[in-house]
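Below is one structure, written out as structure tokens; the observations come after it.
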Amino acid sequence: MEESSSVRAHPGPHPEDNGRSTQWRNWTGFWFLGLCNNFAYVVMLSAAHDILKKQESENATASVSFTLNADVHGGNKTNSSRYDCNPVSTAAVLLADILPTLVIKLSAPFVVHKVPYGIRVLFCVAMAALSFLLVSFSSSVWMSILGVIFASISSGLGELSFLSLTVYFSRDVLGGWGSGTGGAGVAGALLYSGLTQMGLSPRVTLLIMLLVPLGLLRFVLPLCLVYYAEYFINQGLMELLYFPSFFLSHAEQYRWYQTLYQVGVLVSRSSLCCMKIRKLWALALLQVLNAVILLLAVRFQFLPSAWVVFIIILYEGLLGGAAYVNTFYFISVETEDRHREFAMAAASVGDSLGIALSGLCAFPVHSYFCSL
């Protein structure tokens, strides 16, 4: 009896406490995975305007070259268009950032399960780190684009792998993953915008951001329509929504558009614990409406200030993030166990396909408006 009393006097942890602790640990782990996985992808989109910016050679007889060392504070003075256009649309960076991801998502679900998760993670880290180095030290726009491609490979393979990994955990980790990818958007866009605003060059800023993919070593089809309208706005229209009389320069306006969009994505991707939206097509249609409004705004220039665009872009991010996290949540709920891992990997094709299509459509739109 004394021994029994002694045991009762020193009870172990309650099973429910262990369960909650494990769930919180798993949720946090997937949050960091989402943050690290999408970081390079987001930074490349935020840096798109700088990557493609034109810099005059100091030698008057030398040809004009494209580098990241362009003046990040002024407009593009070498064209006569009222939209202050770069020679190439920022959609070029978008396509380099999404087409490799699309190819991976279309093909990898059939073979990637043969490669251990550890090897996949190491490969993703190497690609992300290499992308920052290539873009930072690039001597031409094409070298920068190659760096963007490496970021895309890292993000695409990582997303496919980590979403497949969620089937071995409780469904709560999807909320962590979704919130983490949203956090990557805000962290990447805000850090890039903030550091360059403080006076650091894009090259130095990208080198600082190398810390994030290296930190990943510590952590071992409505979507298509939503992301088509969403990234058509982001990389097709944002750079054309320029307000010359605003206190921010063209490049600065573009960076803060991207940052506010990512803030909206973070909020909505973190909302799964509070609300779930089953009507995904409603989100898609609202996103299409956003695209139409902003397309008309570019053509007829009826928006009075960049402040109005800031609000619309924030709303756009809320819609896109909600579509992403709710899509994968309902896949996890409604798909049979034996099919769930494949379904998670295959469904991730939807956003990449939509983004790729938006990049292709952005080129003729850019050319049309810049010829006015």
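Cβ coordinates are placed from backbone N, Cα and C, and glycine is handled just like the others.
Heads up, TrEMBL stuff is auto-annotated, nobody curated it.
Among the features that TrEMBL reports, region 'Disordered' is placed at 1-20.
Among the features that TrEMBL reports, transmembrane segment is placed at 30-48 (among others). Through the fold, the transmembrane segment (30-48) approaches residues 68, 90, 93-94, 96-97, 101, 124, 128, 131-132, 135, 147-148, 151-152, 154-155, 158-159, 162, 166, 169, 173-174, 176-185, 187-189, 191-193, 202, 206, 209, 212-213, 215-216, 218-219, 234-235, 255, 258-259, 262 of its own chain, all at least 6 residues removed from its boundaries and within a Cβ separation under 8 Å.
With a threshold of 8 Å between CB atoms, the same-chain residues lying at least 6 positions outside the transmembrane segment (117-135) that come near it are 37, 39-40, 43-44, 47, 51, 68, 143-144, 146-151, 153-155, 157-158, 161, 165, 206-207, 209-210, 212-214, 216-217, 219-220. As annotated by TrEMBL, transmembrane segment applies to 117-135 (among others).
The transmembrane segment feature in TrEMBL is assigned to 141-162 (among others). Sequence-distant neighbours of the transmembrane segment (141-162) (same chain, 6+ residues past either end, Cβ-Cβ under 8 Å): 30, 33-34, 37-38, 40-41, 43-44, 51-52, 66-68, 88, 92-93, 96-105, 108-109, 112, 117, 120-121, 123-128, 130-135, 177, 181, 213, 345, 348, 352.
Feature annotation from TrEMBL assigns transmembrane segment to 174-192 (among others). Among residues of the same chain six or more beyond the transmembrane segment (174-192), those with a C-beta under 8 A of the stretch's C-beta atoms are 26-43, 45-47, 159, 162-163, 166, 205, 208-209, 212, 255, 258-259, 261-263, 265-270, 272-273, 317, 321, 324-325, 328-329, 332.
What TrEMBL records for 204-228 (among others) is transmembrane segment.
Marked as transmembrane segment by TrEMBL: 280-300 (among others). Residues of the same chain lying 6 or more positions beyond the ends of the transmembrane segment (280-300) and with a Cβ under 8 Å from any Cβ of it are 83, 222-223, 225-226, 229-230, 232-233, 237, 240-241, 309, 312, 315-316, 319-320, 322-323, 326-327, 330, 365, 369.
TrEMBL lists 306-330 (among others) with the feature transmembrane segment.
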